[in-house]
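Some notes on the structure that comes next.
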Amino acid sequence: MVTGKRNYILLSIFDFLYLFAWSSTMAFFVIWTTQHLGISATKTGWLYAINAFIALTMQPFFGYISDKFGTKKSLIFLIVALLLPVGPFFIYVYAPLLVSSFWLGAVLGGIYLGIIFNSGCGVIDSYIDKISRRYSFEYGRVRMWGSLGWAAAAYIVGRNINDNPNLSFWLASIAIVLAAICFTLTKITVTLEEEKMTSSLKAGNVLELMKDKQFWMLIIFTLFVTQIYDTYDQQFAQYFSLQFPSVDEGNKWYGTLASVQVCGETLFLGLMPWFVNRVGAKWALVIAGTIMSVRILGSAVPLGPVWIAAVKMMHAIEKPLILISVFKFIAQNFDHKLSSTIYLLVLFAASIATTVYSPVVGHFYDTIGFANTYIILGVISGLFTLFSVFSLRDRKDKVIDLSVKSESLA
């Protein structure tokens, strides 16, 4: 089998299993904490905030280290090794601590989840993006299998969370064992030229990035559009379940809805590279921001579960669009040897926003209700999407292509 095709298949399976594990543990996190552990929406907001705050302390470091490693496997293997005990951690450590000693559990969970998911996802995504450029396949067509993994887990967990919430955590650990095997079987060649590129990367290169206006415009978009939306989506499952006569019925329907939505997301991930290449990364980001704002405001309209489900399906278009657009924007505007650093700095900004937004929005849910909170969030997102029309640029002349086909180190 040709190396590029082999790596595409194995990384697709790997991403399927990684996202399966992530979905198994976190897709129904708000339902698990509020309905099974009896934690309030405000405290659940604090959990998201703490997870994000701890992750943000790690993300710049992980981004720089990821670029220093280049396409070497070592950092990915470390993340996979830490992921292996994720199931037992949730069942025997995290849950008991959240019930008996909330703040200790929150900090310990924040450290662990911050590494394996909040920071780990950025490392894995940027690594796959590098490999896709090296072996000439689209990142989006690997990531669509990851979305399918998320959908599969959401469907299984949604059907079982009321009766057996621990099943999801065991499935997560099993998925990671299989993911480790797949990643081990990939054949990634590190070239002499790439070795020189990664070894020449210095902290000063990152400091130079701070002078780039487009970097800051991307950060503003992340803070006031993407993260406003992500904060809205954190406790959406709880809001959706409240549309039904019983929360148990709502939970089951949400599992089905989430699965259908992510299947749609998978389809669009296969199509979005073509679309983003046609319209440009800047306009793709603006379109994604518009969809996010419309969905948030649409959720505030009290037309029942069918309407709320229809609004949820907009996520199937927005999620692939934002994922592909961010990587394309980075590739079109910045030096490729800093791609992981930039992406993890974007996640760093996202974590700062989540740390601030989550407890505030959680408090709003408890005091003024979901619908009124959604109106506030939707207006903010819409205004900054409009700002991005004038602030973002596609600057293709800045790209430095580091794809290499020269002599291997092996």
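Count begins at 1; order follows the chain as displayed.
Heads up, the Cβ atoms here are built off N, Cα and C, so glycines get one too.
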Correct range for transmembrane segment (source TrEMBL, candidates 252-276, 302-326): 252-276
So which residues does the transmembrane segment (167-190) touch in its own chain, when a touch means Cβ under 8 Å and the partner is 6 or more beyond its ends? 3, 6-7, 10-11, 13-14, 17-18, 20-22, 24-25, 28, 70-73, 76-77, 80-81, 83-88, 90-91, 131, 134, 149, 153, 156-157, 160-161, 408-410
Do at least three CB pairs under 8 A connect the transmembrane segment (342-365) and the transmembrane segment (45-63), leaving out pairs fewer than 6 apart in sequence? yes
Segment-segment contact (the transmembrane segment (215-232); the transmembrane segment (371-392)) at 3 or more Cβ pairs under 8 Å: yes
